[in-house]
Structures are given as structure tokens and as C-alpha cells.
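Participant: Here's a structure for you.
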Amino acid sequence: MPLPQLDPAQYAAQLAEKAARLEELLAPFDAPAAEVFDSPREHYRLRAEFRLWREGGQRHYAMFEQGDKHKAILIDDFPIASRRINELMPQLKAAWQASEVLSFKLFQVEFLTTLSGDALITLAYHRPLDEAWQAEAEQLAADLGVSLVGRSKGKRIVIGRDYVEEQLVVAGRSFRYRQPEGAFTQPNGEVCQKMLNWAHEALGERDDDLLELYCGNGNFTLPLATRVRRVLATEISKTSVNAALANIEDNGLDNIELVRLSAEELTQALNEVRPFRRLAGIDLKSYSFGSVFVDPPRAGMDPDTCELTRRFERILYISCNPETLAQNIAQLADTHRIERCALFDQFPYTHHMEAGVLLVRR
């Protein structure tokens, strides 16, 4: 993880530059003015990863300048990370400095926290983990009030839970999420909550069904399910699928069907190219899809999946790469127009931005 340059005094100007860049990318499609959702200036990042660097006979948190993995910058605190992470950093460092068992061949530390205060720490080692390590790790987890995961080659030891529990409020309703260690979650919780509320409002109240591609742990699935008759959601990651199923059950939602298929495979299924055993018991023809929600990886949608979305009246698209978003919109522009668009500043002090668009059929 490279070291970001935090300068709150420059935040407004940097956000304006991002908004201008998004406007430039969407200008060929006659997009309306983007709604801009800012980030907290500090303590916004709910997860952080540090390498350990030996200096002066001790291990220290370290990060690196972009493009230089050999020049370590020692870290004592991390202002972009959540207050909970900043509380835990010195406590954990004191623990490994006091214990040869905890520090021996420890090379990486990961923190995962939530807006609701939950925390999980992952310790990664270049050695096998034994009973002595587990005993000290159990005491450490109790002392810090966290769950803890130890990782070494081919082995994982979980103390407490291997996930954190988050609560996000959308349109006045609180949704509970399990966010697993090692799986993708939105790093900026405050902005994530703004994204969920925007998507919920943009979709509107529908009397038909929603298809969701790339659903992850159900981050958007849960609130959007309250806006439609039924949801068919797809995800390829086994860890994310299991978390999504637990989240659906924890929130008492009974109108969501989740299948472990890639977007490309679902496209084949809907086009009746070939059957899939993982769709056994699901009658695709019983769905009346009026909308599709997509939150693809940085590469955007592949051309076939993009063509699939064309058949829907409404396309709600969250993008972590507006460059590929614009490419996908160009493919759809002859049949769909942009009704709403938004910029979500998930990653302050970087050039990265998250965008949302609602496309409706012309």
C-alpha cells in the first residue's frame, strides 16, 4: 500500500478537479450536472495494510513511496485511517515489541474496522503458527477487544470472528453487514453510505424485478431489494457469496435469489446459450426485469455483458473507473441516455474516484 499525501487544505480543489474530469468524460453523452458527494477529510478509511520494517532492533509499521518498494517510511499513526485503527496501532505495536512469540517473523499487519466500531486484525507470518503463538494471540485479542486472524503459508487461525459487523443506514433503515477478512469491502464507510442512499433514491420504487451483477457481500443488494418486487443477484467470489447469503438472512429479506455465476456466465444463461447447474431450481423466465444494477471491477463490463444490460429499461451503474464507465456508456448511448450521475469521493488525495449513473431507455 503506497503512502498517500494527506493535505486537507487542498481537498476542495482536488475534489473540484475530479468533478471536472467526470464532467469531461460524460460530456459526449449530454449528461446532467453530477451530484458530488464529499468525504471526511481525515479518518475516513476503514481498512489499512502495513508492512513491518526492522530498524534499531525493532519492527515498525512501514509504507512506501509510490513506485519505490525499497525505501520504507516508518509510520506511527495514519490520519486517513479510522480512529479505531489509530487507537489500535500503538497498542498492537507495544504487544509485539514485548513478545518474541508475537513478533518472530511477523511481516505484515492488516486492520479492518467499521463505522459501528468493530475491528479485526490480521497478522501475517513467514513461519508456522504454533500453540504458543495461539495462546498469546488469544490474550492479545482479549486485551485489544478485537477479533484476530493469524496467517502463515497454508494455514489460517481465527480468534473470535473472521469478519467484522457493520451497520449502514439507508433511507432511515439500518442494514447489518458481515464483512469478511480478506474479501473486498468499500474502504470509505461514510461515502459508501452516501452511495447506497443515492442508488436507493435513483432506482425509485418499482413494481418489477432487479438483476444485479457483481453483488459482492450484498452491499447494494440489501437496500435495493426494498425498492423492487424481486432481486436476482450474481457474484463469483465464494467468500463474498457466503457473506451475502448471511447478510440477506440477518436482515430478514426474502425476495433475493443469489447465484454464484460470473456476469459472463449469466449472460450466457439469459441468452439460453447453455444451462448451468448452479441455476437449478431458478426459473429465469419468471422474472420481469425492469432494471439492472452493475458495480463491475475496474475493467468495466465486457462487451457481451454491456449488450445484456441494453435490454433493460433502467441501468444503474456504479463505477470505480470512470474511464471504462465512459467506454461502456458509449456502447449503450444509441439506446440509453444518462438521467442522473454522481461523483463519490471514496479515495481523497488520490486521482481515483467512484461514479454513479442512471441510464434510462430513450
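Glycine too: its Cβ is placed from the backbone N, Cα and C atoms.
Feature list, courtesy of Swiss-Prot:
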type	residues	note
ACT_SITE	Cys320	active site, nucleophile
ACT_SITE	Glu354	active site, proton acceptor
BINDING	Gln186, Tyr214, Asn219, Glu235, Asp295	S-adenosyl-L-methionine binding site
Participant: Measure the Cβ-based neighbour count of Glu354 (active site, proton acceptor), defined as the other Cβ atoms within 10 Å of its Cβ.
Facilitator: 25
Participant: What subset of the binding-site residues Tyr214, Asn219, Glu235 lies within 10 angstroms of Cys320 (active site, nucleophile) at the C-alpha level?
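Facilitator: Checking each Cα against Cys320 (active site, nucleophile), there are no hits.
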Participant: At the Cα level, what's the spacing in Å between Gln186 (S-adenosyl-L-methionine binding site) and Glu354 (active site, proton acceptor), rounded?
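Facilitator: Given the Cα positions, Gln186 (S-adenosyl-L-methionine binding site) is 11 Å from Glu354 (active site, proton acceptor).
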Participant: On a count of neighbouring CB atoms within 10 A, which of the binding-site residues Glu235, Asp295 is highest?
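Facilitator: Compared across Glu235, Asp295, the most Cβ atoms within 10 Å surround Glu235.
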Participant: Let's check the environment of Tyr214 (S-adenosyl-L-methionine binding site): how many other CB atoms sit within 10 Å of its CB?
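Facilitator: Its Cβ has 21 other Cβ atoms within 10 Å.
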Participant: How many other Cβ atoms are found within 10 Å of the Cβ atom of Gln186 (S-adenosyl-L-methionine binding site), counting all protein chains shown?
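Facilitator: Gln186 (S-adenosyl-L-methionine binding site) is surrounded by 25 other Cβ atoms within 10 Å.
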Participant: Can you name the residues of this chain that are 6 or more positions from Asn219 (S-adenosyl-L-methionine binding site) yet have a C-beta less than 8 Å from its C-beta?
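Facilitator: Once residues fewer than 6 apart are set aside, Asn219 (S-adenosyl-L-methionine binding site) is near Tyr177, Thr185, Gln186, Cys192, Leu196.
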Participant: Between Asp295 (S-adenosyl-L-methionine binding site) and Glu354 (active site, proton acceptor), find the distance joining the two CA atoms and give it rounded to the nearest Å.
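Facilitator: Here the two Cα atoms lie 10 Å apart.
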Participant: Any idea of the Cα spread of the S-adenosyl-L-methionine site, Gln186, Tyr214, Asn219, Glu235, Asp295, as a max distance in Å?
Facilitator: 16
Participant: Within 10 Å of the Cβ of the residue listed as 'active site, nucleophile', how many other Cβ atoms can you find? Include all protein chains, please.
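Facilitator: Around the Cβ of the residue listed as 'active site, nucleophile', 19 other Cβ atoms lie within 10 Å.
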Participant: Setting Gln186, Tyr214, Asn219, Glu235, Asp295 aside, what same-chain residues sit with their Cβ within 8 Å of the center of the Cβ atoms that define the S-adenosyl-L-methionine site, listed in sequence order?
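Facilitator: Residues close to the S-adenosyl-L-methionine site, other than Gln186, Tyr214, Asn219, Glu235, Asp295: Phe184, Cys215, Gly216, Asn217, Gly218, Phe220, Ser240, Ile318.
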Participant: Cα-Cα, whole number of Å: Tyr214 (S-adenosyl-L-methionine binding site) versus the residue listed as 'active site, proton acceptor'?
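Facilitator: The Cα atom of Tyr214 (S-adenosyl-L-methionine binding site) is 16 Å away from the Cα atom of the residue listed as 'active site, proton acceptor'.
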